[in-house]
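Features of the protein shown, as given by TrEMBL:
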- 152-201: domain 'Cas12f1-like TNB' (DOMAIN)
- 229-286: region 'Disordered' (REGION)
Amino acid sequence: MQPVFRYRRWLDDEKRLKPEGPEWQHQSKPDIELLSIAEIESHLPPLRGPQASVVNYVNKLEEAEKRLIDFYNGNNNTFQKHTWDMKRAKHIEYQAIANSLLRIVGGSIGERRKDDNPVLIGVGLGQFRSSSRLSSLHSSFLSYFVPLVRSLGYIVISLNEFYTSKKCPDCHEFVTQVTLRKLFCRNCGRYHHRDVMAAENMSNIAREYLLNQERPLYLHPVTADGRYPWVESRSPGQETAEGATVGASTTTAPIQAGGTRTRKKRSKCGTTQEKRERQGKVAKKL
Ligand SMILES: [Zn+2]
């Protein structure tokens, strides 16, 4: 996701620039000429709330109009060129990521999935929190990826990721965290990579749904008195929060019929811990 971040940083810096040059030094210039674009945009009067006034807003906007038009459309189209470059770079990067994800299951973005070798792609429902001021691009990638792979004949389902990075897929006990991405299961004495383990758990969920139409019990929340609220709240014919609802949203863990387990390489596409948690997912044998 580097092109987008680079572009946002560039735009931020550009907007912070104060007008300079001798012609701006004269105090006779109206205030608006001395402000940066960021200041102009953040000083527009509110359109909502108690002090909202469309008239004030439009008046201020008209004062600033020339500066804004110069910024967004003038200046040799610098803004539009940067925007176009970013979009192109982003698209190419999305293609590359989608391709490397599909390669795990022996496909590519230019190839329809054969009907006799179907692949189920599980996508986590989790939403990312981005710790930087830049928002997460995960859902932006998914809005590219999900329609693409569906059009190629892949089956995409979304899965609730509850406990998937907390419990061991082998013995179903809680794991302990060793480092940021390394987990240890005391019960089986096995180390897990957090993302790989989460993906294994997600493929367990998908498999259980296919075989028994329910989520594995070890990946259910349990109350203090040992009840499973999700199981109790489930009514026949209706998928609940834990369900494998066919739909959109985050995280990919493809499960291939007759495939082998491979680590997904998606470390490029995020900068925060939460993002990485959903990356590096696994393709797993069903
Ligand atoms: Zn274990």
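Each residue, glycine too, has its Cβ placed from N, Cα and C.
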Mean predicted confidence [pLDDT] for the domain 'Cas12f1-like TNB' (152-201): 94
The domain 'Cas12f1-like TNB' (152-201), counted residue by residue under DSSP: helix, strand, coil: 8 helix, 17 strand, 25 coil
